[in-house]
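See below for the structure under consideration.
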């Protein structure tokens, strides 16, 4: 579990670093420009680490499934070789997803200098501003998004259906609480990640206000990666004791 947590932390750092540093530089220098190459690089990194986040959460759901439903087989099933292969496949799929998005954006033609109503190069906004026909691009992006987004969600839902059915068969209430506590942090992170992502999608498709889309994207790109370490850390007893000692010294 801690192997996947370390990978998730690195993916969160990369996800935030793909957009936030450029935004801070723009605020500091009072400029709002980005080069064409910089925009493509931002699109590539954004989807690489975003897709990696999604796939790692699905992988961690399977890890929790094995830990709860087959606890005696857990060390054998989740061996280092399998964990390494799962991490490698997740990164490979994310890399392909990011390069497809980058390729689709590079095929667009623009009539003049553009003003993107966002704080980073958002692909849907770029499609709206393109002068060329984007129907084929939209179809490809939809298919890739379905594979890289829908499949992890399906895997997570399947894992938690099996987990819940297994927990409900535990006779004692204490055993049920202990089993639920082992996947509580992961479930909170999944709800936060996909909840804010769904909010961005709905706000961009329903609302015409670019400000609302920007606010939803800030939640998705900044707040969620920032909260993930706290969600996992505050469930660790050693960290809880350390925080209690710090608070007691201050007070």
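Quick reminder: no glycine exception, Cβ is built from N, Cα and C everywhere.
Looking at the stretches 109-129, 214-234, the one that TrEMBL records under the feature transmembrane segment is 214-234. Within its own chain, the transmembrane segment (214-234) has Cβ neighbours under 8 Å at 5, 8-9, 12-13, 15-16, 19-20, 117-120, 122, 185, 188-189, 192-193, 196-197, 199-200, 203-204, 240, 243, counting only residues six or more beyond its boundaries. Long-range Cβ contacts of the transmembrane segment (179-202) within its own chain (Cβ-Cβ under 8 Å, at least 6 residues beyond either end) map to 53-54, 57, 60-61, 64, 67-68, 153, 156, 160, 163, 166-167, 170, 213, 216-217, 219-220, 223-224, 227-228, 231-232, 235.
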